[in-house]
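Peer 1: Below you'll find the structure I mean.
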Amino acid sequence: MAAWAERLTGVRGVLLDISGVLCDSSASGATAIAGSVEAVARLKQSPLKVRFCTNESQKSLRELVGVLQQLGFDISEEEVTAPAPATCQILKERGLRPHLLIHEGVRSEFDDIDMSNPNCVVIADAGEAFSYQNMNRAFQVLMELENPVLISLGKGRYYKETSGLMLDVGGYMKALEYACGIKAEVVGKPSPEFFKSALQAIGVEAHQAIMIGDDIVGDVGGAQQCGMRALQVRTGKFRPGDEHHPEVQADGYVDNLAEAVDLLLKYTDK
């Protein structure tokens, strides 16, 4: 692998994943990953542009940012690209009225959306709400439509909480795709449109940006597909086999966000 100086040259903007990079979640709350609060502060004091890019779909953007602020992070709602607000914009633009299969924690994001006589299904990480009854109702809504539209907030396979690995929305999305014979539209990582909207928000071109995440496919692979560079942290859902993934090779592997920021601040101006 090329030297760090070569791999990080020309970086002007940084996209940061949240869960597994900044903090770990659990049923009882969230805890900051060691060194990450200081790492974000150092990044924001540097000339680099910073944007937070998350697939979080169990909390509203306001609640998510509030939790992070309580942990000590310097972050505001305006600095976060998240799938629920982006999905609401799409629904309004296209005149779509969703049947929602989502977590109660994110439902407030959809308060302004017309849900009468649904003409699409929106699915997110619904947690305990992923019952047979709820999945079957979403299936029925899709099958009743002449042109079924399924929108998924991300398509992650799993994520990590302090209690262990948790099934993410991707498996349920795939079940509905298979049962209905359709292809879902993904709003969130690794969708190219999602990454591009985050880059537009900080005015940085893909070749000048680097993604830092814990998901080898969604964060690293997705960013690289858009022309960005990407680092994987060995926190969150990272697994040792990720460094030998058959399809995705990160531009570098670091122990945590603090190490990534050390390297960025050391080499990006060189």
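Along the chain as shown, residues are numbered 1 onward.
Cβ coordinates come from backbone N, Cα and C, glycine included.
So Swiss-Prot has the following annotated:
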BINDING   D17, I18, S19, T54, N55, K189  substrate binding site
BINDING   D17, S19, D214  Mg(2+) binding site
Peer 1: In the same chain, which residues outside the set D17, S19, D214 have their CB within 8 A of the centroid of the CB atoms that define the Mg(2+) site?
Peer 2: I18, G20, V21, L22, T54, Y159, G213, D215, D219, V233, G236, K237
Peer 1: Once the DSSP letters are reduced so that anything not helix or strand counts as coil, what is I18 (substrate binding site)?
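Peer 2: For I18 (substrate binding site) - judged by DSSP and reduced to three states - the answer is coil.
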Peer 1: How long is the line from the C-alpha of K189 (substrate binding site) to the C-alpha of D214 (Mg(2+) binding site), rounded to the nearest angstrom?
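Peer 2: Here the two Cα atoms lie 12 Å apart.
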Peer 1: So if I draw a 10 Å sphere around the Cβ of D214 (Mg(2+) binding site), how many other Cβ atoms end up inside it?
Peer 2: 27
Peer 1: Please report the distance from the Cα of S19 (substrate binding site) to the Cα of D214 (Mg(2+) binding site), rounded to the nearest angstrom.
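Peer 2: One finds 8 Å between the Cα atoms of these residues.
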